[in-house]
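I have placed the structure first, in the form of structure tokens, so that the comments after it can refer back to it.
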Amino acid sequence: MWVTVARLADLPVERAVAARVGTDQVAVVRLSDDRVYAVGNRDPFSGANVMARGIVGSTVVDGTERRTLASPMYKQAFCLETGDCLTEPSVNLGTWQVRLREDVVEIGQREESV
Amino acid sequence: MSERIVVVGGGMVAHRFVEALRSRDAEGRFEVVVLAEEPRPPYDRVALTTYFTGRDPQELNLGQDELWQDPLVRLRKGIAATAIDREARTVALSTGERLSYDHLVLATGSSAAVPPVEGSDLRGCFVYRTIDDVADLRGYVEQLRSDHPDRPVRGTVVGGGLLGLEAAGALQALGAESTVVEFAPRLMPLQVDEGGGEQLRRLIEDLGVRVLTGTATAKVLAKRTGRAAAMRFADGSSLDTEVVIFATGVRPRDELARAAGLDVGERGGVVVDEACRTTDSAISAIGEVACIEGRVWGLVAPGYAMAEITADRLLGGSATFPGADSSTKLKLLGVDVASFGDAFATGEGTLEVAYADAVAGVYKKLVLSDDAKTLLGGILVGDASAYASLRPMLGRELGCDPAAFLVPDVGDAAAAGIELPDDAGVCSCNNVTAGQIRTAVSEEGCCSLAEVKGCTKAGTSCGSCLPLVKKLVETEQERAGIEVQRGLCEHFDLSRAELFNAVQVTGLHTFSEIIARHGRGHGCDICKPVVASILASLGNGHILDGEQGGLQDTNDHMLANLQKDGTYSVVPRIPGGEITPDGLMTIGAIAKDFDLYTKITGGQRIDLFGARVDQLPAIWQRLVDAGFESGHAYGKSLRTVKSCVGQTWCRYGVQDSVAMAIALELRYRGLRSPHKLKLGVSGCARECAEARAKDVGVIATEQGWNLYVGGNGGFTPRHAELFAEDLDDAGLVRAIDRFLMYYIRTADRLQRTAAWLEEIDGGLDHVRDVVLHDSLGVADELDAAMADHIGGYQDEWRAVLEDPVKLARFTAFVNDSSPDDSLQYVVERGQRRPVMIAGPDLAVRP
Ligand code: SRM
Ligand SMILES: Cc1cc2nc3c(=O)[nH]c(=O)nc-3n(C[C@H](O)[C@H](O)[C@H](O)COP(=O)(O)OP(=O)(O)OC[C@H]3O[C@@H](n4cnc5c(N)ncnc54)[C@H](O)[C@@H]3O)c2cc1C
Ligand code: SF4
Ligand code: FES
């Protein structure tokens, strides 16, 4: 099942918004190159649903740049691709499938952790 | 029973002695009685002249309260010793008492020596030695100024040495005209040579001080009132002057010792051996009153060494006087002069390397050994930046081309490259070596310049060694693998201040352009808000406009403060804490309607907690309709201007503190800065607004306002320091405008004004020079920047309410208009509070 989020053009660039996907809340991030990621909105460190209000950024890990979302509560950064917390790799936000149909962003299933 | 040590004299060296003794005598073998003729605790005489630049005299005091409250220490202020009975081991006091001693320490210092000039005791003639001297001088000049508001007060300093030039600076600071009269053919004849003297004269004259060298003062002439009116010189010429300061040298106060039959030197001073013992082994003499190795030292560093030796010896140690050097640096007047080692190249076979540039106003000379390798001394006039690095190299091989130190700009770089040996003295005032500074960082865990200062005392007296201490601390931190945080984060190597400059100069106003030009990557939660703050400080419209919105931390992004459950708090501005009953009721009604937890904050206003993102606009609308606006509780910006009720109601108030607080709050509201800013205004010295705990504190006086800066509550509390006195309204506002703007331009990220003042080169004095005397020539720019801020101010809440694009972001979900239903509350003490969502949910990957 795919849930419509918004038109791509209506999403803020390099920032997140919150969306409802069934009973889940996800944080949807549109990067400057129009890639879109969806991770869990619940900040695992505070338990509050606030990830969508964090700052989007980047960090270089082992020579490769990873795009990140930082929690607005206690500032841990998470990898947008994997949902992993960069400072505590055992902690994960969860990631959701994203696809673009025409110019509409849709979110699918929560991806199984690998 | 402990033994009693009596210290005669309560000066700088006496203080150091008591401190050294108490820190070493853990078992409490000795009790110490300090007899201080001056009616105050020991103070920093070296910094006496700062008395005129508005510094609070209390801040000159030496010794933490703990030292003087130590049960084994008794400080008797305002009491002089009048005689010593060596046989009975007693001292007679000015109170008529007799005090017995087991050991006596003479630390009586010296008094100003006035030459036998007729009329030198007239009213209007002063010396320059104690706080009372400078207070009298100030009172006299201010009286003259108010008697003759139509013309400047004319002042003359007799003596063109270090002290005389400081006194000339003091006269200027008091708004008087000043002339320096020196008998020798040049200024500072003991420290600089002819070439240096010539340059120095030009620099001093450029400051508006008249210089008469080769001139002997013959007489001070009086008016009929008995006050000084003019001076006559040996060549018959004369000069009108109403104030005369004699700065012609000092004389050791060895009178007690002489009367008690102790040996005194040919030119005065109590003769002591290398252990600082006088001819009576139960009596030591230390500091400026002592004559050691045949010489009396008029500097504080050798005195401190003697204090340490005496403490050590009393406890059974065997320390001896290590010798001293007469390095000096002119501290004030804004003219750089330094002289150290064998400055006059009197040694055999010495080489001199000199550099003079009359246009740039510098003269520099190094004295070297005959192989041009070892540094023996030097004179720097006009630019003494190399002094801190060169002085510790005295007697050592420089290890590079000496000329490198003399050429402008390169000098500093060369100095940075030299590697100081551990035993090289860095701070001569406090006898601190390079090794001790390194150890403080590497082993004692000091993490900042301020901590190293606290732990080693380096740089805490005259301050001339500070640049070097700072460099050593940074190098040592780098070596220890502690990253010296200059760059902001992994995306920018620039510090916040550097980035501010860069953005200002290039005029870029989007993050993507700025990071492309000055950084790398895509930014993070450190650099994005910093850039947002810089852009806001430089006036780039609403903080949520365009790309700027995306840079903001959630508080600025939502114009409210994030709470632990993900809701926000709302704080309307209540300028100065003044609110009408209707205003209170409006806030109450809104809180009730939205069921917001309500609390009076520590900042004299009201915080409404528990608002959901989607409720914020409706709450603001109600507040804005009732005439409220954003209180910026969320911003790194002005928070509140706390005030007391002041003159309008309080029976002690001397100014309208509420009106001033409101004016200041409305002036600086919305001003984005490196960290939050808090101000306070009290209506009198009782200080009910706790203004001295604020970044900027204003305290009313009969004449106007005293301005204090750099206060802080929080983690590291600090009292604000006196910045300027008796300002009128306009002067106050101008000083605060510039102070804040200068802070905004130069501080680091998240550095409150307190920490900024500790770290900035030159400290408070430098900032005061910039703000009050425009020493950097940037005052107009700072004023213009503040005018722009005030002109561009808009209420951030109202602007959102008026802009559908901005308003659109205040929804819980992009694809669902319903509110977030996961929030849960319970009622406590009559209001709701969040139920904490069952513990942190730390998903663990398989
Ligand atoms: C609401 C209030 C407590 C209260 O219930 O009274 C408060 C609440 C917060 N303070 Fe405070 N401080 C409040 C007065 C103070 C005061 C007292 C004062 O201003 O007179 C101080 C000490 C004075 C000072 O700042 O020097 C104070 C020193 C701090 C500090 C430590 C700053 C420091 O320099 O060490 C922080 C942490 C920080 O800013 O990094 C802090 C941070 C915070 C934050 C922003 C923490 C956070 O990120 O959540 C709190 C959230 C505010 C909110 O949700 O609205 N708060 N905080 C007060 C709001 C005042 C206002 O009307 O704006
Ligand atoms: C304006 C100024 C600037 C200076 N700048 C520098 C500088 O940059 N670098 C530097 O190294 N030095 C400087 N000095 C010199 C430095 O201040 C002195 O070397 C230092 O203060 C000497 O300390 P002391 O304790 O020996 O004497 P003092 O500080 O003079 O203290 C002696 C105290 O003993 C008291 N006393 C005397 N007799 C009695 C008695 N019988 N009973 C009780 N009390 C008595 C006196 O009242 C006085 O308070 C400066 C001095 C002045 C005035
Ligand atoms: S500081 Fe002074 S004027 Fe203000 S309330 Fe207190 S006593 Fe009154
Ligand atoms: S040399 Fe004077 S404080 Fe260090």
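Note: Cβ is positioned from N, Cα and C throughout, glycine not excepted.
Taken from TrEMBL as is:
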BINDING   B:C644, B:C650, B:C684, B:C688  [4Fe-4S] cluster binding site
BINDING   B:C688  siroheme binding site
DOMAIN    B:4-294  domain 'FAD/NAD(P)-binding'
DOMAIN    B:327-391  domain 'NADH-rubredoxin oxidoreductase C-terminal'
DOMAIN    B:426-474  domain 'BFD-like [2Fe-2S]-binding'
DOMAIN    B:563-624  domain 'Nitrite/Sulfite reductase ferredoxin-like'
DOMAIN    B:635-771  domain 'Nitrite/sulphite reductase 4Fe-4S'
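Locations of recorded TrEMBL features on the structure.
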| residue | record | DSSP (3 states) |
| --- | --- | --- |
| B:C644 | [4Fe-4S] cluster binding site | coil |
| B:C650 | [4Fe-4S] cluster binding site | coil |
| B:C684 | [4Fe-4S] cluster binding site | coil |
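The average pLDDT computed for the domain 'FAD/NAD(P)-binding' (B:4-294) is 92. Between the domain 'FAD/NAD(P)-binding' (B:4-294) and the domain 'Nitrite/sulphite reductase 4Fe-4S' (B:635-771), three or more CB pairs separated by 6 or more residues in sequence fall under 8 Å, so the two stretches touch. For the binding-site residues given as B:C644, B:C650, B:C684, the lowest number of other CB atoms within 10 Å of the residue's CB is seen at B:C650. Residues B:C644, B:C650, B:C684, B:C688 make up the record's [4Fe-4S] cluster site, and a Cβ search at 8 Å around their centroid adds B:V645, B:G646, B:Y652, B:G653, B:S657, B:S682, B:G683, B:R686, B:E687, B:A689 from the same chain. All chains included, 18 other C-beta atoms sit within 10 angstroms of the C-beta of B:C688 ([4Fe-4S] cluster binding site).
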